[in-house]
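**Q** Have a look at this one before I ask anything.
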Amino acid sequence: MAEKGKTNSSYWSTTRNDNSTVNTYIDTPAGKTHIWLLIATTMHTILSFIIMILCIDLIIKQDTCMKTNIMTVSSMNESAKTIKETITELIRQEVISRTINIQSSVQSGIPILLNKQSRDLTQLIEKSCNRQELAQICENTIAIHHADGISPLDPHDFWRCPVGEPLLSNNPNISLLPGPSLLSGSTTISGCVRLPSLSIGDAIYAYSSNLITQGCADIGKSYQVLQLGYISLNSDMYPDLKPVISHTYDINDNRKSCSVIAAGTRGYQLCSLPTVNETTDYSSEGIEDLVFDILDLKGKTKSHRYKNEDITFDHPFSAMYPSVGSGIKIENTLIFLGYGGLTTPLQGDTKCVTNRCANVNQSVCNDALKITWLKKRQVVNVLIRINNYLSDRPKIVVETIPITQNYLGAEGRLLKLGKKIYIYTRSSGWHSHLQIGSLDINNPMTIKWAPHEVLSRPGNQDCNWYNRCPRECISGVYTDAYPLSPDAVNVATTTLYANTSRVNPTIMYSNTSEIINMLRLKNVQLEAAYTTTSCITHFGKGYCFHIVEINQTSLNTLQPMLFKTSIPKICKITS
């Protein structure tokens, strides 16, 4: 037992000794470290477990939140869709409503309002235009004007050079410029269009022609067409006549021998209203009625008719007609050139040439003004003045050009270019040369004729192209000329280049002694009649419009045709 107790005692002793050994180890620094590591590991494990539990809980809550958000977004989408559809429907209804209102306004409301305002404005303008002092304002109510840089050719401005001397050149030969022509024509095969008259103003042009329904007889029933327009530039930068408004006057009025003036934004026309033929008219006392027409760019027209007793004459006339060519405006007066037969001849010596002509003296020249075919009336030119032409009843005053300053009275035209007035008269008598010069309308009235010696016109055998000696005859054809130089020595014209026949229309640039440049329109057999030439400048460059009555041979009728050329002016520098 003692051994046994010893053994146990030894065991416990040993045990105690072991524990003693452990306690001793714990108390050592290494033991304490191990204890703290164990505690830290345990705490880490516990914290990891707690974090894991928290993460799991967070995931569960997040999933629940996402499901909730998805449901919320879906609900919002449904709401947005509903709102969108509501707004779209509101916009659609509003657009439809406004469209209906706009359509109603466009179709009825606005036109009614515009028509009312237009009528009110027209009435206001018309009321104002009845007052003479507001005439200029009224003329500017429509803004239509030639293209920039275009104006009637003024010889004083055109015939000059920055360096050198202005001359007409023969090189290169002139040619026709391309472009449209919108001159009025006839709608009948046997119809005839006669007596073209063109006036180019500062703002617009006026063109008039006579449309005879059957044949070309002067007394035939006819329409008169007055056209207003402006000069534009085509794609080739050449000038064109561009019509804006046209008015056709009643065929029953039978206007004849009309002359035109373009002034401001209106066209003015003076015509004869003959009821008898020319020879019968010259055999009677007093003239046939005249009519003065006014046309504006809105198409409004006004006419004044005058009988012989309504007109103030300086001498009694048996017949008198406007001269076909254009007239001029000076302040409040329009002046047309006219011609006719005096009831009682004037005393004095007319223009005369006696050298190189056998058995010719001044009395032969004086007698040559009295035409047998026209009942021996003395035929003279006159100035037909229309005073206060915008008044309710303009006054017409006729002043005779002294026979001492003129040749045989005939058709012709007036041009006011700058401060100078030019006159052309048809060479209807023995004097076949071109008759163009400057006119002084002051008292006494005088004409300074340019001494042209190469340009002429065809005529009957006794007064043909080459005739130079005074004798009684009435012949020739209207082929006016446009002055390019201030003295009218240099001119542009379209001549019928033949001795006795109205054929071979030829555009010519000439001075008094030499034809410088010319262009035959077709051939020497081409039949033609009246021609008129008017010129303009475009920023200093010169162009001419040539209107020629061409005989449409296959139809045996006349029709004015428009041609254009560039003026062959050069500046010659002499060394």
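Each residue, glycine too, has its Cβ placed from N, Cα and C.
When I checked Swiss-Prot for this same protein, it listed these features:
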type     : residues  : note
DISULFID : C192-C216 : disulfide bond
DISULFID : C258-C271 : disulfide bond
DISULFID : C357-C469 : disulfide bond
DISULFID : C463-C473 : disulfide bond
DISULFID : C535-C544 : disulfide bond
CARBOHYD : N77       : N-linked glycosylation site
CARBOHYD : N499      : N-linked glycosylation site
CARBOHYD : N511      : N-linked glycosylation site
REGION   : 254-259   : region 'Involved in neuraminidase activity'
TOPO_DOM : 1-34      : topological domain 'Intravirion'
TOPO_DOM : 56-575    : topological domain 'Virion surface'
TRANSMEM : 35-55     : transmembrane segment
**Q** Near C473 (disulfide bond), how many other Cβ atoms are within 10 Å of its Cβ?
**A** 22
**Q** When secondary structure is assigned with DSSP, how many helix, strand and coil residues does the region 'Involved in neuraminidase activity' (254-259) contain?
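**A** Per-class counts: 0 helix, 4 strand, 2 coil.
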**Q** For C535 (disulfide bond) and C192 (disulfide bond), determine the Cα separation and express it in whole Å.
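**A** Cα to Cα, C535 (disulfide bond) and C192 (disulfide bond) are separated by 26 Å.
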**Q** May I ask which of the disulfide-bonded residues C192, C271, C544 is closest to N77 (N-linked glycosylation site) if we compare their C-alpha atoms?
**A** C544
**Q** Measure the Cβ-based neighbour count of C357 (disulfide bond), defined as the other Cβ atoms within 10 Å of its Cβ.
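**A** Cβ-Cβ neighbours of C357 (disulfide bond) within 10 Å number 15.
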**Q** Taking Cα atoms as reference points, rank the recorded positions C258, C357, C463, N511 by distance from C544 (disulfide bond) and give the first.
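**A** Considering only the listed recorded positions, the nearest one is N511.
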**Q** Fewest other Cβ atoms within 10 Å: which of the disulfide-bonded residues C192, C216, C271, C544 wins that one? Let me know.
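**A** It is C216 that, of the disulfide-bonded residues C192, C216, C271, C544, has the fewest other Cβ atoms within 10 Å.
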**Q** Closest to C357 (disulfide bond): which of the recorded positions C216, C258, N499, N511, going by Cα position?
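**A** Sorting the recorded positions by distance from C357 (disulfide bond), the top entry is N499.
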**Q** Which whole-number value in Å describes the distance between the Cα atoms of C473 (disulfide bond) and N499 (N-linked glycosylation site)?
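**A** Per the Cα atoms, C473 (disulfide bond) and N499 (N-linked glycosylation site) stand 15 Å apart.
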**Q** When you tally the Cβ atoms that lie within 10 Å of each candidate's Cβ, which of the glycosylation sites (N77, N499) has the highest tally?
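**A** That would be N499, with the highest Cβ count within 10 Å.
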**Q** Secondary structure at N77 (N-linked glycosylation site) (DSSP, helix/strand/coil)?
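**A** Going by the DSSP assignment, N77 (N-linked glycosylation site) falls within a helical segment, counted as helix.
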**Q** When DSSP is mapped onto helix/strand/coil, what comes out for C463 (disulfide bond)?
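**A** It is helical.
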**Q** Between N511 (N-linked glycosylation site) and C192 (disulfide bond), what is the CA-CA distance rounded to a whole number of Å?
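**A** Computed Cα spacing between N511 (N-linked glycosylation site) and C192 (disulfide bond) is 34 Å.
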**Q** Hey, how far is C271 (disulfide bond) from C192 (disulfide bond), Cα to Cα, in Å?
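**A** With distance taken Cα to Cα, C192 (disulfide bond) is 18 Å from C271 (disulfide bond).
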**Q** Looking at the disulfide-bonded residues C216, C258, C463, C469, which has the shortest Cα distance to N499 (N-linked glycosylation site)?
**A** C463
**Q** Please give me the CB contact count at 10 A for C535 (disulfide bond), counting all chains in the structure.
**A** 24
